[in-house]
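According to Swiss-Prot:
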type	residues	note
BINDING	HIS126, HIS130, HIS136	Zn(2+) binding site
Amino acid sequence: MAELDIQISIENIGWPEEETLLAFCGRVLGAAAVYLRDSEKQPFPTMPPEVSLVFTDDASIQDINAEWRGKDKATNVLSFPAFPVQPGKMPGPMLGDIIIARETVEREAHELEKSFDDHLTHLLVHGFLHLLGYDHMNSAEAEIMEGLETRILAQLGLSDPYEGQDLKMEP
């Protein structure tokens, strides 16, 4: 596994214990980093880069979404890169923050007929790619990012989350 310095903050009841989340996220993000390094030639710093993960609730993520994106609604995941980086280029020593809302993850997992862990895995990979400069603001970007997500998730034994769907671009 690629080395990452993962910091976790649990701001809401209902999430697993910190040790459990850290092991789960380490496995998911480590596998994503290895795939990107080995298959996509993504460079990483020699020292393990830091990723901050915040596990919160819908109310908190709605406030953050309103403040930083001008969207006054809850969302599943928000990512805030510490430094601007282009996809495939060397990131800084601090990758940034990924914030995930428990209620939205639970609701979406139920609607998608997936386990909570499988959906959380997808959202962690999605957020991690944002920290590395990937985006889905237009169809070309979405195709690249969603392709990476699908290949990383396949390495983790999960199916294509976009199968049968149009590209998920967000304005």
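Each residue, glycine too, has its Cβ placed from N, Cα and C.
Taking the centroid of the Cβ atoms of HIS126, HIS130, HIS136 as the Zn(2+) site, the other same-chain residues with Cβ within 8 Å of it are VAL77, SER79, GLY127, LEU129, TYR134, ASP135, MET145, GLU149. Neighbour density for HIS136 (Zn(2+) binding site): within 10 A of its CB lie 20 other CB atoms from the protein chains shown. In sequence order, SER79, PRO81, ILE98 constitute the residues six or more apart from HIS130 (Zn(2+) binding site) in its chain with CB-CB distances below 8 Å.
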